[in-house]
Amino acid sequence: MVRLSNLVSCLGLASAVTAAVVDLVPKNFDDVVLKSGKPALVEFFAPWCGHCKNLAPVYEELGQAFAHASDKVTVGKVDADEHRDLGRKFGVQGFPTLKWFDGKSDEPEDYKGGRDLESLSSFISEKTGVKPRGPKKEPSKVEMLNDATFKGAVGGDNDVLVAFTAPWCGHCKNLAPTWEALANDFVLEPNVVIAKVDADAENGKATAREQGVSGYPTIKFFPKGSTESVPYEGARSEQAFIDFLNEKTGTHRTVGGGLDTKAGTIASLDELIASTSAADLAAAVKKAATELKDKYAQYYVKVADKLSQNAEYAAKELARLEKILAKGGSAPEKVDDLISRSNILRKFVGEEKEAKDEL
């Protein structure tokens, strides 16, 4: 009977130790955390704590991500409401509290980063050199900012749209997939940044205070060259965010990351095309383009020059580009270029059709 009891006890202990997230109690804490020589990230939680409940699925996923390296690092948790002596021993005053133990001493380091999977995984990897494993996910295009990086991210050459969020906030959770989609929509815009600050994390609270954040999510736009923000007060749909950014930054994105019919076009040159005779168009466009720094100004010059030699050039070239786009398979950057050039060609084709109608 004693042997069976011991066996059950051992099996229970083994189960606790080999689980993705190790359940720590006074009986095994010292052996697993303090004397093992193996570092550990430990969450001190209480079952009734709302923030703890929100963290629970993320923390379980974290344990799974490092389960392959259980001989190198431990992801553990302590019910500090039941085992209050353990909580008091390490100065736990609120829940959840996360602490990093080096496996050699009883003086842990407070974890002050974000409570999302990416932040927690990065912390463990930086400490141990161990990389997380799990279902392959496309890396997020949202730039995570904190107290150390925020000031360097705004006020420079980029337009920055920032969401100040908290992991326990229901509205923030609803916003998250839209925010990810928005970041993907603008991934090819080198000077537009979609960012996020975990305002509930220790390394994000100071920035949130400085920015006057009092509720979540709070969304602010920082124009390039300015550290003064513009509050975003519109709808929280992907389309609404895209419309806002297109207006503020001069981009032409659509839902899904494509380009609209104005992308690549230059209003002043379009007006010139509409008001200049075919005979004078090439010279007029070339002269006007010399004063422009726009990426596609010289493409206008090229098309106008080609048209002066072949009146069907724009129509034929447009048909060729549309065929390439319809076929698919081009790199995203190439698709952007094809759409922009097609939009420009349509300006010339429209003028050609009007000229033929007059004849």
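Every residue gets a Cβ built from N, Cα and C, even glycine.
Remember, predicted model here, so these are calculated numbers, not experimental data.
Your range for motif 'Prevents secretion from ER', going by Swiss-Prot and the list 220-223, 232-235, 356-359, is 356-359. If you draw a 10 Å sphere around the CB of C52 (disulfide bond), it holds 22 other CB atoms from the protein chains shown. For the domain 'Thioredoxin 1' (20-129), the number of residues in each DSSP class (helix H, G, I; strand E, B; coil) is 46 helix, 22 strand, 42 coil. By neighbour count, meaning other C-beta atoms within 10 Å, the densest spot among the recorded positions C49, C169, C172 is C172. With the fewest other C-beta atoms within 10 Å around its C-beta, R236 stands out among the recorded sites R115, R236. Along the domain 'Thioredoxin 1' (20-129), the predicted structure has mean pLDDT 94. Helix, strand and coil counts under DSSP for the domain 'Thioredoxin 2' (131-250) come to 38 helix, 24 strand, 58 coil.
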